[in-house]
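What follows is one structure encoded as structure tokens, with my remarks underneath.
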């Protein structure tokens, strides 16, 4: 599920979702 952004600390998030805190 792509909600929009997720934790940049999570490697899985960066590979499946957008990184939050830009």
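FYI, residue positions are counted from 1 along the chain as it appears here.
Just so you know, glycine gets a Cβ as well, placed from its N, Cα and C.
The disulfide bond annotation in Swiss-Prot covers 5-13 (among others), and the record cites a curator's inference as its basis. Neighbour count (other Cβ atoms within 10 Å of the Cβ, all protein chains): 13 for residue 5 (disulfide bond).
In the three-state DSSP assignment, the secondary structure recorded for residue 5 (disulfide bond) is coil. Marked as disulfide bond by Swiss-Prot on the basis of a curator's inference: 5-20 (among others).
The DSSP secondary structure for residue 19 (disulfide bond) is strand. Other C-beta atoms found within 10 angstroms of the C-beta of residue 19 (disulfide bond) number 13, with every protein chain shown included. Here Swiss-Prot flags 5-19 (among others) as disulfide bond, drawing on a large-scale study or a structure entry.
Sequence annotations record features per position, and here Swiss-Prot assigns disulfide bond to 6-19 (among others).
In the shown protein chains, 15 other C-beta atoms lie within 10 A of the C-beta of residue 13 (disulfide bond). For the recorded site, residue 13 (disulfide bond), the DSSP three-state label reads helix. Annotated disulfide bond per Swiss-Prot: 6-13 (among others), in sequence order.
Annotated disulfide bond per Swiss-Prot: 8-19 (among others), in sequence order.
Residues or ranges marked as disulfide bond by Swiss-Prot: 8-20 (among others). Cβ neighbour count for residue 8 (disulfide bond): 13 (other Cβ atoms within 10 Å of its Cβ, all protein chains included).
Annotation for residue 20 (disulfide bond): spatial neighbours 5, 6, 7, 8, criterion Cβ-Cβ under 8 Å with sequence separation of six or more. The feature cysteine amide is assigned by Swiss-Prot to 20.
Positions annotated as site 'Pharmacophore key residue' by Swiss-Prot, on the basis of a curator's inference: 7 (among others).
Annotation source Swiss-Prot lists site 'Pharmacophore key residue' at 12 (among others), citing a curator's inference. Take the CB of residue 12 (site 'Pharmacophore key residue') and look out to 10 A: across all protein chains shown you find 9 other CB atoms.
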Item checked: residue 13 (disulfide bond) and residue 19 (disulfide bond), Cα-Cα, nearest whole angstrom -> 7
